[in-house]
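One structure is given here, and the rest of the page talks about it.
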Amino acid sequence: MGRSNKNSNKGKAKKAVKSIKEENKYGKFRMLILILNLIVIFYSPFVRGLYFEAEQLPAEIFVLVSFAVFWIFKYMEKEKKFISTPIEYCSFGLMIAYFISILGSVSTRLAISEWLKYCMYFAVFFMITDLASTMKDKLIVLWTVIAASVGLCVVGLDSASGGKLVDWLNNVFDFLHIPVEFFGLYVEGRIHSTIQYPNALAAYLMAVFFVTLTISIISSKIWQRLIAGVCSFVFVTTIILTLSRGVMILIPIVLILYLVVIPEGSKLRAFLMALCAAVSSVIPVLFSPLAGRSRSNLWLGIALGIIVSLILTVAVEFLFRLRLKVMPRLKLKPYFLFIPAALVLAGILIVISIPKELELEIYNPERGTKYSFQKSIALKPGKEYKLLLDVSYMNNDGENSLTVLIGSRDKKNIMFGGNTKLAEINEKNSDTLEIPFTVPQGGSLVDIRITNNSEKSKVLIDNAKIIDGKTGKSVKNVKLQYKFIPNSVASRFENLMISRSFIQRQIYLNDGFQMFKDNWLIGAGGGAWPSLVFAYQSYPYWSTQSHAYFLQVAVETGIIGLIVLIMLLLSIVVQFITEYKYKKEEDVNYRILQGTLLTSIFGMFLHSCLDFDLSISSVFLLLWTLMALFNSGYRHNRPVVKGNDGTGSKPGLFYRLNELKPFNTNPIVMTVLSFAIMIMPVLFAAASSFDRKYEKSMSEGNRENALIYIRSAESLDTFNADYKVKYANLLLSSEGLTKEDFETAKKLVSSAEKAGKYSAETLQNAAILYMKMSMFDKGIELVDRAIELKPFYEEGWQLKMNMHYQLALAYLKNDEHENAKKHLDLALSVISNAKAKNERNMDPFAFSEKTMEYLEKMVYMKENFDNLNLGQVDKVKFQSINEMDIDSDNIPDQWNIVQKERVELSISEGNILVNNINDDTLGSFQTRNINFEAGKNYRIELALDNQEDINVLYFVPELHTKFVQLEKTGEGKYSANIELPSDYKAENTFIRFRFSKDSSIKSLIVTEI
């Protein structure tokens, strides 16, 4: 028996030696594959965040090649282990859910493209999970992420300070012929960096910020802790300069989670390092444009902030070393240090919230708007209030005046503009103001606008407060300005729950749930959200992203994908709890890191409920990288339940949930599969290259080469409807069109119609091509389908009007009067159809001038159908359609009221009623813009349904200097001829009217004579 044990031990020793040799043998190969992954992780944020397909395809190809090489490495190691942990199963399941959704997708091309992205995510996740098996490997990955994040910050901060470094980099890229250009990095006072969206950048940096906090705790080298501290400061500074409300609100919440999940003994240091970063970031903010400083001062603030950050980090190091010596003697717990830290934090919060008096500059519109100020506050509707203000003028010589205007906005006003005026006063040389007002029912926000009308003196306003109009009790102290917080920052965090952004997101969610209800089982396929959203919108917004990742997954993959995603989150939590319970003997640094990764993962998922940052591939790659590092420890070192062998003790539920049976696979099969999947992005990229060559050839007028290129693009990317449309259009526009080419074009258009059945743009383009092929009914059918997909957008309606107009003209020229009449009726029915579509539109649209022109000409054609002179149709410049009110505001769409306080327009019994509110002062109203031409003559003919004569005045800009009277030509009829000089500036011309009495307009027509 002893000999048997000796032989067994020798066998184990030999296997161990063999294992070490094999590990050394393949160690460099393993590191090479890890480096390939690090390259993707590092560069992806710098190529427009990997958001666009032009950048995604090369990344997918690179990752899939790396994945194939990875499985070759596994074959060499003779390892067949594939997925084994719950996180791996769920990650793989999410990729499969996107593959299944292709079957019922609204766009096969978009669904495949989205699935390829998830293949890339899973490949990176799985490779890093397997390769980053040691703490050293994990830190290499994390330092790569930190380096990329610092690069993002440097580029963003440089753009905020003037962009000298960015300009230099662009010149270098241009010189080296690298197809990369940095632009749009700092827009409207917010840092976007190369991710090109400030909220996504802030979410990215928030996740990495907690990583740097952890490195400043677990690193054994002081210089690494100092660098990590500086990086934390840079990340917080950049987050502040993104002005991302969601992230700034989330960071304290996620910080609490972080302090809860990391082990005892590290919480205090983590809190202090976070506090150091926050305190240091105040300095560059004070030197930034947010504080009214020149952009060039920002780098000075950054440099000072770095110095302060280093000093504070050293101070924390000294404090903790001192703690080890002093606290045991004083018998104090380490948490005692939380008290002074909390006091410092409280002091900072108090200081930054100190208000200051409002100073308004001298009235001078040429020097900006600092003479005026607006503050919005939330008050209970349906109540009486008073606004109290203390006013002082810096120069009391002469007459000074101040205007205070108070208005109210409901949710519709917040979203789409406008307000209800509640009170307005204009006080001269007053010391105190008391302004009573009543907030109407439904009013959500009260706007207070204060304007200094003095051209000699600045004005100071202080002690603003709202009191109850009946009891006189104080309701709210209004902080007009803060001493240390710029208005641009403070205003973004006021009234958050009734802000336009918050209401918008509620609408996005509501529209998304409607999409999910119609595609709940397997979803509408990857990329379905941007394809379907226009058909489900509550009002016309241009955002094609969900602003809620979980809802996006539900819409695109149905209940299957949503369940898998929820299971993924649960598996992360279960794994953390299992490790916490069964790996207590594990190295403390490992446990700190796991807590950090959990925090960053859930921080990113939480923010994805508010915004669309996970639609940006580089941001999502970061999340998958963090999940891979979190999962790696469990894959390589599973916890063992002590005493489980024969002791009768049973492992807990969480432990059993994590003990899934591994799924093994053949590395050769996985290698082949990786290369097979890689074919798709290679084909898409090649097709895109041919498309660019096609565009270049077309711009050069080389149609022969263009045809070769677009044919190649269409054959390589056969699901792409745009290539089919371009190919068909080029064939149909060729001078020597053959029957074979015509049939090819016909097949291409039919195929494009099927491939882009949920794309309004594709259907519109296909409709135009059907019209070219004289398939008129088919063309109009596709336009109608396009309108159903984008009912609130003008393009489809205008195209439909143009088609009916051209067909009606053509049929009339061929004496096919019945067909012409059919198209006139169909065209005019659009008015009622559009009005019906607008009933669910929160912000109803009206037709554009061009669409109205088509309608007006067709109304003229129908009214004069029996005696129509086709030559006269094109001379119609304006024809009133009195009942056209598709936005249902009871104001005819062809008319605009210039002075709403003086005149009203409404529709009644087919006429337009003009009502002067004040008989002493006539109000002005005008037609839509009319396309007059210089050097031509026009006739205005107006018909009124009035019992008595009135004076009708009209005015044409750039032609008249004052109102001119129309000549009465019959009972209720008025007319005038106008002659436009040859140098007349006809751009945006209209006819403005004033009526001396209330009137009823029967018709107005303007024609060229």
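Each residue, glycine too, has its Cβ placed from N, Cα and C.
Heads up, TrEMBL stuff is auto-annotated, nobody curated it.
Pulled from TrEMBL:
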DOMAIN    500-566  domain 'O-antigen ligase-related'
REPEAT    760-793  repeat 'TPR'
TRANSMEM  31-51  transmembrane segment
TRANSMEM  57-73  transmembrane segment
TRANSMEM  115-132  transmembrane segment
TRANSMEM  139-157  transmembrane segment
TRANSMEM  201-219  transmembrane segment
TRANSMEM  271-291  transmembrane segment
TRANSMEM  335-354  transmembrane segment
TRANSMEM  520-539  transmembrane segment
TRANSMEM  559-578  transmembrane segment
TRANSMEM  590-608  transmembrane segment
TRANSMEM  614-634  transmembrane segment
TRANSMEM  668-690  transmembrane segment
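Counted with DSSP, the repeat 'TPR' (760-793) comes out as 27 helix, 0 strand, 7 coil.
When Cβ distances are compared across the two stretches, the transmembrane segment (590-608) makes no contact with the transmembrane segment (57-73), since fewer than 3 pairs at least 6 residues apart fall below 8 angstroms.
Tallying C-beta pairs under 8 angstroms between the transmembrane segment (115-132) and each of 57-73, 139-157, 271-291, 614-634, 668-690 places 614-634 first. Sequence-distant neighbours of the transmembrane segment (668-690) (same chain, 6+ residues past either end, Cβ-Cβ under 8 Å): 53-54, 56-58, 60-61, 64-65, 67-68, 71-72, 74-75, 82, 112-113, 116, 119, 123, 709-710, 712-714, 716-717, 720, 723.
Same-chain neighbours of the repeat 'TPR' (760-793): 534-535, 537, 539-540, 721-722, 725, 728-729, 732, 742, 745-746, 749, 752-753, 799-800, 803-804, 807, 826, 837-838, 841, 845, counting only residues six or more beyond its ends whose CB sits under 8 Å from a CB of the stretch. Residue counts for the domain 'O-antigen ligase-related' (500-566) under DSSP (helix as H, G, I; strand as E, B; rest coil) come to 46 helix, 0 strand, 21 coil.
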